[in-house]
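Taken from Swiss-Prot as is:
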{"type": "BINDING", "residues": "565, 569, 675, 679", "note": "Zn(2+) binding site"}
């Protein structure tokens with residue numbers, strides 16, 4: 001029996017033998033495609049090649065592409081665990097032709113592979129074609145010898161693929177496997193086609209047209225091929241299984257889950273084990289590709305998947321985090337094909353453990369709320385959308401988790417109501433976004449790129465150089481000339497100006513043309529992937545395409561940027577050494593004045609840890625050793641120990657930057673990373689490194705801000721000055737400042753406690769002796785009511801408790817007045833709760849001070865109002881309500 005990894009290798013090897021470039025899987029986060037949440041098909045990384053926006057060296061490719069379908073249009077999440085073939089994560093095997101071979105060779109390859117390499121019986125296979133595609137029908141007869149009854153014409157869009165309303169499109173042909181009459185279901189196109197007897201295993205897309213509009217379609221000059229075969233699906237067939245979860249990979253993952261949870265995958269537990277195994281894959285691969293759990297966008301989808309798996313672990317009796325314990329099993333199954341699992345293992349385990357601990361803290365409360373909300377509901381009823389949204393917003397329950405919990409009760413959720421509440425929150429929180437309207441659309445830059453090609457970057461050698469003007473984009477359109485005072489983006493055949501990328505900001509400077517024209521560069525950005533657009537204004541003269549100029553980036557500014565960029569590499573290495581190998585870069589910004597570095601870590605970095613990080617970085621700076629740069633393939637670089645950004649897509653060659661000597665092993669570089677930015681020549685050029693801030697960015701993401709060189713020195717001088725000024729004010733030596741401040745803080749706390757006690761005695765009616773004044777009687781019950789100046793709402797609870805204890809039986813009301821506002825609290829002893837409700841009494845008082853409502857329990861309630869001057873009126877209103 002062939003294993004899943006063997007089947008993957010057989011597919012790729014077959015096409016490699018037929019002159020296809022084996023392309024590694026792209027990251028799950030699409031590169032430069034905001035229309036997609038995740039890569040959900042094998043062709044997605046090749047989209048620009050099919051549209052002609054990107055030229056490939058090879059016209060043939062094959063890949064096993066990681067895919068996720070768990071959000072948006074393609075959302076399989078609800079079905080996962082309960083069906084035979086739904087997954088959130090899957091691998092798509094595919095072969096692609098970019099204007100090279102077409103239908104005949106594609107069909108020939110497909111038939112040879114499934115019947116020859118995979119050994120599937122021809123009599124078990126049938127195909128579909130688009131009803132109007134007679135060419136494909138004839139080719140299947142010719143190549144496979146299929147009879148007409150096994151070539152089914154489909155006239156719907158199921159067999160005609162398009163990229164969108166416009167663009168490349170064409171008919172499809174699908175290969176189906178027949179499981180035999182023992183399985184219910186009919187062939188494709190029949191009324192019972194949704195049964196499980198006939199399973200699609202491969203889809204061949206023949207891109208032969210370009211859709212120009214609703215009714216306008218033309219032939220492509222160079223037709224292309226895009227095919228997709230689900231690895232899990234074909235593995236099940238080749239292993240003689242009817243359910244993907246019975247294949248070797250899933251059996252091994254489920255066995256690991258059984259071992260960790262101590263529960264067999266059978267009966268009611270089977271679906272939960274399958275959910276955990278599937279979601280483990282999508283969770284780990286998403287994080288390995290740079291996605292972090294959050295409450296929005298891709299991070300929210302990741303958290304939804306995580307929490308669904310964690311809830312199923314809870315159903316199986318997990319009393320502590322368990323998902324992180326399964327990462328090693330996943331690495332054993334898939335780490336050879338996807339080495340990012342091993343590189344990210346520490347991050348995956350730590351994040352899963354922290355997320356599950358966080359979820360377990362809220363799970364009980366959320367499930368209790370769900371039980372209360374459904375207590376009076378019956379089978380077939382729908383939970384209110386507002387309640388489902390409260391579960392999401394307050395307890396972190398994604399909608400599908402709530403739906404999953406209700407499934408066993410035969411209940412549903414009012415999704416429209418949930419979406420309405422979600423939309424309202426987003427509308428309330430969304431900040432206004434503005435755009436200048438001057439930016440050129442991508443189509444303009446792709447057109448420019450086709451004409452002029454990439455910009456050669458010469459800035460590694462220095463900040464000056466010469467270049468020929470190849471493009472002018474002004475007002476969002478291409479131009480041939482530019483006059484004085486006009487703003488534009490200029491492109492040259494080569495430039496020393498660095499275009500913003502990799503977190504490093506773009507260069508500024510000046511461009512002087514040979515005829516005397518001067519262009520001031522305010523920023524440099526990358527357009528169309530690899531063109532450097534110099535953004536600014538022509539301050540003198542006129543220019544036209546083809547003009548030659550001297551380009552000079554601001555050298556002092558670049559030097560500061562170089563120091564800060566190199567410092568981010570050293571800081572990254574130090575963070576990993578001090579905090580742990582789970583630390584990975586999650587973003588950065590390198591400017592001339594400071595650097596910002598975001599990284600994965602689940603708690604704040606302590607002062608001692610910050611000091612240790614600074615000490616390591618400054619030790620490497622003092623080594624003053626040369627920084628080395630080499631170019632190599634990404635695989636070779638990673639094999640050599642270089643750190644790569646999770647989820648980043650690299651080209652055929654990468655720059656590998658090595659800095660410093662290992663603090664324990666001088667033969668090993670302190671930092672080795674892939675980077676295309678500009679850097680110092682020696683570590684000593686950084687001069688000094690100082691962290692000035694450490695904050696949280698989001699759940700599991702921390703940020704440090706730091707300065708280097710002269711900026712760091714000035715910052716430290718300023719901080720020392722603040723310390724000296726504070727020491728002078730306290731009349732103490734700087735060395736004793738911390739001790740003196742701590743003593744003052746303790747003294748203040750003591751005085752605050754004494755003041756609070758004095759206020760409490762005063763509020764209870766006591767004089768200097770502290771003896772409290774007795775209660776009055778209203779409507780036959782004891783009542784203590786006071787207005788207390790300078791007391792906030794949080795301090796009233798203690799006064800209420802003391803008054804109730806003093807009376808034994810009675811009602812207490814206190815109104816604190818602070819900063820002109822009133823805070824009210826009312827307490828009722830237990831024996832009187834049937835006669836008086838604290839909430840009703842506090843509402844009466846709140847109305848008198850301009851407040852609305854009030855909340856709490858029958859025995860204790862609080863409220864507030866804006867008019868503290870009417871506090872006595874509020875107390876009178878409570879007395880009146882008590883009197884009835």
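Including glycine, each Cβ sits where the backbone N, Cα and C put it.
In sequence order, 562, 566, 568, 657, 659, 673, 677, 678 are the same-chain residues whose CB sits within 8 A of the CB centroid of 565, 569, 675, 679, the residues recorded for Zn(2+) being left out.
Residue 565 (Zn(2+) binding site) falls within a helix when secondary structure is assigned with DSSP. For residue 679 (Zn(2+) binding site), the Cβ neighbour count at a 10 Å cut-off comes to 24, with all displayed protein chains included.
In the structure as shown, the Cβ atom of residue 675 (Zn(2+) binding site) sits within 10 Å of 23 other Cβ atoms. Secondary structure at residue 679 (Zn(2+) binding site), as computed by DSSP, is coil.
Listed in sequence order, the residues of the same chain lying 6 or more apart from residue 565 (Zn(2+) binding site) and placing their CB within less than 8 Å of its CB are 503, 504, 590, 595, 675, 677, 678, 679.
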